[in-house]
Each structure stands twice: as C-alpha cells, then as structure tokens.
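Asker: First, the structure itself, so that you have it in front of you.
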Amino acid sequence: MNLVGTLFVASLSCCALAAAAALTAPAKARLWLAGLCTAAAGACGAAAGVAALAGQSWSAWLPGLLPLAGARLALDPLSGAFVVVTGTVAVCAAIHGIGYCRHGLDGRVFQAVLPVFVASMLLVPAAASVSTFLLAWELMAVSSLLLVLAEHRRNTSVRRAGLWYAVMTHLGLVAILVGLVAFAAGAGGESFAQLREAGLPPAVKTVVFLTTLAGFASKAGIVPLHVWLPRAHPEAPSHVSALMSAAMVNMGAYGVVRVGLDLLHGGPAWWWLLVLAAGAVSALYGILQAAVSSDLKRLLGYSTTENLGLVMVGVGAAGFLAATGIPVLATLALAAALLHVVNHAAFKTTLFLSAGSVLYATGVRDLDALGGLRDRMPYTTALFAAGALCASALPPGNAFVSEWLLLQSLIHAVPGSGVAGAVTMPLAVGMIALSAGLAVATFVKAFGVGFLARPRSAEAGRAEEVPPVMLGGTALAVACCVALAVAPTVVVPALGRAVAVVFPGRDVVSGELTLRLAGVSGVVSPLLIAVALLVSVMAVLVLVRVAATRRARRAARLWDCGAGPMSARMEYTATSFAEPLQRVFDNVLAPESDVDVTPMKESAYLVERVRFHARVPDRIEHRLYDPLIAAAAAVGRRARVLATGSVHRYLGYGFWALAGALVVLVVLW
Amino acid sequence: MVTGALGTGLQVIAVALGSPLLVGVMRQVRARLEGRAGPGIGQPWRDLRKLLRKEPIAAHGTGWPFRAAPLLVAGTALVVAAVVPLVTTVSPLDGVADLFAVTALLALGSVALALGALDTGTAFGGMGASREMAVLALVEPTILVSVFALSIRVGSTSLGQIVTATVEDPLAVVSPASVLAAVALAIVTIAETGRIPVDNPATHLELTMIHEAMVLEYAGPDLALVEWASAMRLSIFLGLLSSLFFPVGIATAGAGVLAVLLSVLVLVGKVAILGVLLAAGEVFMAKLRLFRVPELLAGSFLLALLAVAASFFLA
Amino acid sequence: MGLWRKIMRTGRVAEPAPARVPGEAPSKAAELAGSVQIRHVDAGSCNGCEVEISSAFGPVYDAERYGARMVASPRHADALLVTGPVTRNMEMALRRAYDAVPEPRLVIALGDCARDCGVFAGAYGVAGAVSDVVPVDVEVPGCPPEPEAIVAAVRRLTGR
C-alpha cells in the first residue's frame, strides 16, 4: 500500500476510532476525544487527497467486504480533489464542534454519527464500482439525515426539514441507482474501469446521463431540486451545516463530472447546455432568494445553491466546449469549476462556522434581531468578515479567482463554439454577473446588518465571544481562504491534474506570481492585487497623517437630526436592506405581505393595532412541489378504498397480481 | 519599460491631483449653464484642504469598518488608477488586473463605503447602503457583458490589449458592437459615479440620496478621503471610457518620454471634455425616481447583450 | 433644444460681485481658507429668512461663487446658519447640531429673531436668542435680511 492508501486507510480508521470514542468515552471527555479523532481523520484524508492530487494513485479491491462484487476503492487526482476538500472541512468543523456541541449536542449517538458522515463523504469519491458508490452514497444520506434531525426535540421545524431532506435525498438516490444500474447492465460489469470501456448505444447513454444528473443535481441543490437545501441547512447544527454545505453538496458536482465526463466520456452538446442552463438558473435563483432572506443560515443555504450553480455552469461549459471541439477551453472551464468547489468549501465553512458561533452566543439567527456583535464578538466578526469578502467574489477574496477563470472560459468560447455558443455564453455571463452583483449585496447585508451597528434584540446585546476552540476551527477555514486567495498559482496547476483525468494532456495556467491562462490570452495576479491594495491603503494612511492637521479624534453623538437618541429600532434591518432588490425582482420572487388592522371598539377610524407580515416564499416550492404533494396525497386518499383491512382481500390482490404477471410473461415470451 | 513605468506613475499622479479639478470643472459648467458665476474650478481642492484641517469625529457606536472605509475606498481607486491604461498601454502593472478585476476593485470600494455606512446604525446610512448595493448589483451584469463584447474582437479582457487593438484600428470603434457597448458603459458610468439621472450629487434631501446618504456621518479628513475617492472614481470611469473608445494619444509600445508627457495632456483634455459633456447633460435632465433606475439599468444591459450579439453575428 | 436656446438667450444672470464689505472676520474663519460648508438650521423661523437664503444662493446673488456651499449634514459643515428665535422644541436640536459640527466651527445668526428674538421676545414657546444657546460668531440683522447682507456675511467667513 502506497502513501495515498496508507493515509486514506488511516483516515477511515480515525473515523472509526472517533465513533468508538463517542460511544464509550465518559461525557466529560467525549467531545474532545471524538472531535480530535474526527479532526485527525479529516487531516489524514486531506493529506491522502493532496498526495493523490500530486499524482500518486491508489486502488484496492476488498472482495470480502461486500457480498457478490466486493468493495472497490480507487483514488485518482479527481477523487483526490474532493477528498482534500472533505478532509479539510472535516478538520475545521470537528474542532469547532468541540465547543459548539456543549449545549445539548454532546449525546453519544450524535457524536458517533458525525465521524461516520465524514467517512462516508471520504468514501463516495473513492468508490470505484457502482455498488460501492451507491452504498457510500446511501451511508452519506442516512448519516447526514440523522445529524440534521439532532435538534428535533427543541424545534418542530427541524422535523419538517428532516422529512423534506429524507424524501428528496432518497428520490435522488433512486434516480442515481436506476441510472447506474442501467449503465452497469449495459456495460456488463459494475467496476468503473468496466463502465469506462463500455460502448453503449446513445439512447441508453442519454437515459443514464439524465437520470444520474437528476440525482446528482438534487444533492448539489440545483434548481428546481434544491428545496430540501434551504430547509435542512438552517435546521442542522451549524458545524453539520458546514459539512453539508461545504463538502456534501460537492458530491453532486463530483457525480456529474465522474459519470458524465469520465465514465460516459462526455456526450452531445445539448446534455451540457442543459447542465449549464440549470447551473445558471440556480446561481441566479439561489442568490436572489439569499438576497431577500433575513435568516442568516437560510441565506447561507441559498448561497450554496448559487455557488453550486456556478460550479455546474463550469462543468456544463466544460462538457459543451469539449463536445464542440475546443478542448483548451473545456480544460479551463473544468478547472474553474473545481477551483470554485474548493473556494466555496473554504468560505462556506468559515461562514457557517461563524454563523454557528453567533447562534451559540445569542441563540438567534434572524438578521433582523442581530447587530452589534462587532464589539461583543470581535474575533467572530472579523472571521465572518473575511468569509463574506470571499463569498462576494471581490478581490482579494478567493472566489474572485475562480469566477474570473469561469468568466474567461465562457468569453473565449464565443467565436469558436458556433451559434449555440454565441447565444448561450453572453446570457451565461450576464447571469453570472448578476448573481455576482447580488452576492455582493447579500453579503454586505449579512455582515453589515448582522454584525455591525447596535444590537436589535436583548439576546444580541448579551452576546459574548465564543470559546477559543470554536474560534480556532473557524480561523483554520479562514487560513484556507487566504491561502487560496493569494496562491491560486499553486492550487490551479494541482487541480489541473484532476482535470487531466477527464481532459488529459493540457496545462491550465502558468506563472508564479501572475495567473496566465494556457492556450488563450488572459492574465491576472490575485497576489499582486492584494499587495497593491495593501500598499495603496498604507500610502493613503500616510498621506492623511502627513496632510491632515493633528487634531485629536473627538467622540460625538451620532447625528440624529437633533431629534434625540437613535434607538436600535431606527436601524436598517435585513428586511429593509433587501427591500429595493425585492421590489426590483418583484415578478420573480412574488413576495407575500398582509396587513392586519384591528380598530378600536369606539370607532372604526381609530386603530388599536396594525400587524404587518411579510415573507418571501420559495416560489418553486410553492408552484411545483405543492401541487405534486397535493396530488400524491389525493391519490393516497383514493387508494384507501383498496385497503379495507380484510385479509381475504389482500390475498386476492396477491393472487390476481401473480396471475397477471404470469399472463404477461406468457404473452411476451 | 521605463516609459511604461513613467506613464503609470504619471497617470496615478494625474488622477490623484486632477480629479478634484474635474469635479470643479463640472460644477463650473453647471453654474454657467444655470446663469451663475460659479466658485471656480479650484474650489474642490480648497474644500479638500479645509476638510483635512478639520477635526475627525468618531461617532458613538461606530468601529473599525467605519474608520477603515474611507481608506479602502481611496486605496482601491488608487490601485485602479495605476492598472488601467490611461496614459500608456505598456504599463508594468498591466498583467496585474484585467477589466474584470478593475470592475471588482471598484465594487470593493463601494462595498467598503456601504459597510462604513451600515456601521453607524443610522437610518440614512442603512438606506444609502441598501440603495447603493441594489444599484451595484444591477450594474454588474452590464459592465461584464460590455467587457465581453469588447473582448471578442481582441480575444482578451486585458485592458492593454483592447486599447492597443483600438489604437491600431481606430475605425473598429464605429462598429455596431463597439457603439452599443459604449452606450451601455456610459449609462453604467453615470450610475456608478452617482450622477443625474441616477443620483444627484448636490442634493440635500436625504430621502432621495444614494451615495450622499452613506457619507452623512463622516467629517474632516475622513470626509476628505471619501470626496477625493469619489472624484477619482469619476475620472477613472471617464478616462476608461475615453481610452476604450477614443484612444487617441495614448503612448503605445516604443513611445518616448515626450510621447508619454504628451499623452498625459491628451488624457486631461479628453477627460475634461467628457466631464463638460456630462455636466451639460445633467442640466437638461431631472433625477429619475429611484424605482425607475432599474429600468434604465436593464436597458443598458440589453444594449450590452446586443453588443455581444452584434460582434458575433455582424463580424 | 428649447432649454438650450433659453440658456443661450438668458446668458449669465449673476450680478457682478460687489466689493467686499470691510469688517473683521472671526479668527476661526482664517483656517477655512476660502471654503465654507454651511448647514442651515431653522430654529423656529417664519420662513422669511429662508426665502432670502435661497435667493442669496440662487443665480442672481450666487453666494456659491465665494466658496460657500449648503450641505446636508452638520458633520460636513463648517458653519451653522441659524434662523428664527430658538423655540423650546428646537433648543436641544440646535445644541446637538452644534455639537455635531467638527472644529473649527462657526455660527451665523441670521435675522433679527435669531439675534434677539425679534417680535417673539418673551413668548412662551421661545427659549431665547441663538446666542443664548450656542456661541454666535457672525450676526446678520434684518427682518428678513436682504440677500446682499447674507452674501456679505458669508464672504466674511470665506474671505473671498
């Protein structure tokens, strides 16, 4: 067993150790033991992934582990990229969780399921056969479901979220199962190596691609299969949200790349235009919902839909460009998508963990009721600020680099990719740009309204800084963000090896300080931009020191127009901040509001109380899912006549069904 | 290379020193068209000098975002002034940032100011920040799609390459794609720099403000930085428009020191002309209602999309 | 085009700048060096003074040409332009507005009411003259003062 294999097995063993520690250790030591073991598992996993990205590959066949086919594991650079992400996120989340779980989440089962979840997410990209993959996938779904439901006693909305998640994730599993089983049946073998060699008729390929795409898209939170995501992510404990949002949803992207680009070797252009369109719509819809959301964790959940949408745009563009015969740009687009996966994981971990810290300190995740955390939780505020800067895709943040790469791959596609490209690419660029603009507004809102100014509720006013271990976990994620932001020239070539699994033989970028695209013209230097910003801010500071008269800074009241102290109720809330955008996108969002006026008894003209209630429902859920659920419920009610409780009748059903099946067999064969 | 570095240094100095004068020119033009005498083009500099001498104020309940915002907004403007090709196309910093990065850097300045405004916790600060961010979000697609349209001809988003290509083939500017992109970018410039009809820089009515509402709490040197930065942003946008669509006089590769010096003068002239046109245009227009602004911006987005379509289908 | 023709036909309406009225400038005004931002505070005026102020800053008298400008926030201001007797309801607001102005700061009491409460002296709702509430540097007499007087007072501050 080589280095990758050793590290990977060590990582899985650490997970097992963590689960065992959680189950057996006394309550006092449980959090630390389980947390540190999980963190060690993450670290080993990340190291294994790095080694795999460096070019070492590993595969194993364990015939005894699963009945019939045995378990097959393999780590190539593409799997490695996803294993690195999962491992690193697991380290941050596990360390943060040591502090976060002190309030009621220190139970045996919860602590034991978390490392199982991590292990399952390490196994999914490492799986190298259909049965292993599906098993790991289901393990991931079930363990995450248990984690989402952890706080179901405290809050009834957790149960609803869990129900949505369970149904959606299992429908997704069914879709993937059908697709992969059909694939394996056609290929005559179930290991990925056999699938790769298989020559299937195009119609079967299309069926396989579309069914698996549906399943993977639902895991990645792609519109319109995203509905579970903004429910489950806010209700899960925050470090679990970080794991789900930064690591688990990536598996959807991994699945599309692995099955669509690797096992099926790409396909017709329309497949990928479909992926691209779904991605672009998700990016826009997700960030639009995030922009008008006032629940911090729901906002972050919708932002995940946005970012995975951007990843899908990259994947779709890669497939499309490969199909139209521009491999240079296909390589670039896929590298951009993978880099965005990594970047998104880094900043979303930061954001969810800091949101968890806020929740821990205040018990509130409603932005309207937060504020004033800058003085009360200075470190958490600074960490969230760093994450928010990255999430807004502005330099010197890390997401700027990946969105830049993505935009470059799209705009260079126009002359070469024909009319389909000329129509699609500008629209995609426009949608990405709009979602980038809205992301800026969203994260200015999340940070500015949630953390700055004065507290708008007693809970926020009482907030205190969280324990160092929680800050440590978050700070680790910020460190990853910083590293990714200043050193993309190191990261992108490494990801280029993952891309080479699918599109072999091409470099993506070159250069040490500046990022130079290979094959097309395009240069940017995130490191030098950051340095230039630092230098020029320092220069301005010196200039002001020199030029301005040395008068001491005087503390003064806020300018309140002379009308007395500004109370916290006069501050702009998240809802009011988002109002202009909500008004602009009125037709898309269809916000609901009702005004309830209670008049006084004496006269209808004297008002005793006015209640104003406004909310922005998820319109897709409203329009698409509600009718479906209603229809299913109606069918269920009708079907009740069949089930009367009479055993004779049920035996009769069995008889007729068997007879019918036999008749069908006789007629057809 | 030496002339390139010289040109870059000169353009930063020109933008830093000249932009308050540009504001002065624009106010003077407006004053004359309104029948007034006007305070002279040096007035913004006098204002800045005075503000630097005044006492800085730390309002109760504000913290580091409030203090850092003026520094950041001025810092980003200076960085952009260094990386865009206004005087020379062979800047040593050309590889640092392309048109996307420039857009993002300018957005970073707006974000800093919006956070500074939110940090005060006043109603007007929040209002300004909210409106500024809404406008920013709607402007972004137009800018990026226009960049797309301009980059197709050159095959690159590098500003230096786009401008060089236009210098070599000046007639390309009158192609439909270029004209449409120019109009779209002009509208964007107006929106981003807070001019009529999107925002009124001279308003006293808080409820109609966008940019001004964000800076109501700043005093003294902080305010001086904010005002200086917004003047710089205005000159950068106008300079960028002139470089992209009328790059006459820009020093290209192989230009001597004299050509660089000349190109500074040409830049000053071009930006002044654009400023005069903008100020004169403002006299003829009323400010749009805030909720009509998105319609204007959507229109500019459509123009940008048409520009891309034109550059592909008519090329 | 109609507007353009009108602009061309009208030309300049600003009257030629009159000679500076001699008079000592407040010592703080020297630091301002030709740039004075003014925040107007109506402490209880009948709006007569306001009409004259807008006229002083209008095209004919054009106080802006001397480096003065009206601003939206006292934080941006160097001088408060206070009109009217200070009513009880505005007393605290005026103090707070004064407090909000960064140093060096000046106060102009504009009109007779601002100087000595004018006809409102002793009224139950009046807290006093402007100088009873905040220190006054420049006084402009008149009920209401003529625009020329307002411009002259502004010029004492800007020194132009």
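From the backbone N, Cα and C atoms, a Cβ is placed for every residue, glycine too.
TrEMBL lists A:128-415 with the feature domain 'NADH:quinone oxidoreductase/Mrp antiporter transmembrane'. The feature signal peptide is assigned by TrEMBL to A:1-18. Residues annotated as transmembrane segment in TrEMBL: A:30-51, A:81-101, A:108-128, A:134-150, A:207-228, A:269-288, A:308-339, A:345-362, A:383-407, A:474-503, A:523-548, A:650-668 (among others).
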Asker: Can you find at least 3 Cβ pairs under 8 Å between the transmembrane segment (A:474-503) and the transmembrane segment (A:81-101), where each pair is 6 or more residues apart in sequence?
Answerer: yes
Asker: Considering pairs 6 or more residues apart, do the transmembrane segment (A:81-101) and the transmembrane segment (A:207-228) have at least three CB pairs under 8 Å?
Answerer: no
Asker: Any residues 6+ beyond the ends of the transmembrane segment (A:30-51) with a Cβ under 8 Å from its own?
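Answerer: Hits for the transmembrane segment (A:30-51): 3-5, 7-8, 10-15, 17-19, 21-22, 75, 79-95, 97-98, 101-102, 106, 108, 111-112, 114-115, 118-119, 122.
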Asker: Apart from its near flanks, which chain residues at least 6 from the ends of the transmembrane segment (A:308-339) lie with a Cβ under 8 angstroms of it?
Answerer: 81, 217, 220-223, 249-250, 252-253, 256-257, 260-261, 266-269, 271-286, 401-403, 405-406, 408-410, 412-413, 416-418, 420-421, 424, 428, 432, 435, 488, 491-492, 495-496, 498-499, 502-503, 506, 508-509, 517-520
Asker: State the non-local partners of the transmembrane segment (A:345-362) in its own chain: residues 6+ outside its ends, Cβ under 8 Å from one of its Cβ atoms.
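Answerer: Here the qualifying positions are 85, 88-89, 92-93, 96, 99-100, 103, 233, 237-239, 241-242, 245-247, 250, 296-297, 300, 303-304, 307, 370, 373, 376-377, 380, 383-384, 386-388, 390-391, 397-399, 450, 457, 459-460, 462-466, 470-471, 473-474, 477-478, 480-481, 484.
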Asker: In the same chain, which residue numbers or ranges, 6 or more beyond the ends of the transmembrane segment (A:523-548), come under 8 angstroms Cβ to Cβ?
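Answerer: Contacts of the transmembrane segment (A:523-548) (Cβ under 8 Å, skipping residues fewer than 6 from its ends): 395-396, 400-401, 404, 485-489, 511, 513-517.
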